[in-house]
Amino acid sequence: PGIVLVAINPYEQLPIYEQDVIYAYSGQNTEVMDPHIFAVAKEAYKKMARDEKNQSIIVSGETGAGKTVSAKYAMRFFATIGGSASDTNIEAKVLASNPIMEAIGNAKTTRNDNSSRFGKYIQIGFDKKCHIIGANMRTYLLEKSRVVFQAEDERNYHIFYQLCASSNLPEFEDLGLSECWHIPVLLP
């Protein structure tokens with residue numbers, strides 16, 4: 001059992017995720033602070049350090065709810081208090097995804113033109129002094145059915161439209177994409 005935070009994506013940048021806010025949450029008793037992703041991260045970090053046991057943070061929600069952004073903020077908190085954020089740069093290293101990965105796993109939904117359709121499992125490793133020593137991320141495709149069916153006003157994975165847009169190139173002749181000409185190719 002742990003703390004639960006219900007967050008709402010405001011769809012704009014707010015000044016509540018700055019470095020000074022991280023330091024405020026890392027130095028204060030979270031019970032007297034406002035609910036925040038940094039409070040959740042601090043509680044997990046504190047229990048890991050005190051009990052020397054693995055901790056988990058589950059970030060769940062609908063499309064466009066801000067799950068990836070919440071995970072980034074939690075990692076930013078860990079990077080700041082678990083080592084120098086500028087040295088570790090864990091947020092950028094763990095969530096860096098190349099354009100090919102996004103093309104294969106992102107699609108247009110009714111709420112987000114570039115929604116990741118991957119689930120992500122992120123592990124962050126800490127040493128005995130609670131400094132970050134590494135991380136890895138496993139991804140898994142959430143919607144295999146999207147390949148053959150899309151709801152109204154939604155689209156298949158971006159890679160499908162990118163391949164169709166390139167179907168006239170000689171290097172794609174063997175893929176049998178010659179019938180893609182009738183599919184509108186509007187990339188996000």
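Every residue gets a Cβ built from N, Cα and C, even glycine.
Since we're looking at a predicted model, the values are computed, not measured.
According to TrEMBL, the feature ATP binding site maps to Gly61, Glu62, Thr63, Gly64, Ala65, Gly66, Lys67, Thr68. Sequence-distant neighbours of Glu62 (ATP binding site) (same chain, 6+ apart, CB under 8 A from its CB) are Arg111.
What TrEMBL records for 1-188 is domain 'Myosin motor'.
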Mean of the pLDDT scores, which run from 0 to 100, over the domain 'Myosin motor' (1-188): 81
Same-chain residues at least 6 apart in sequence whose Cβ lies under 8 Å from Lys67 (ATP binding site): Val59, Ser60, Gly61
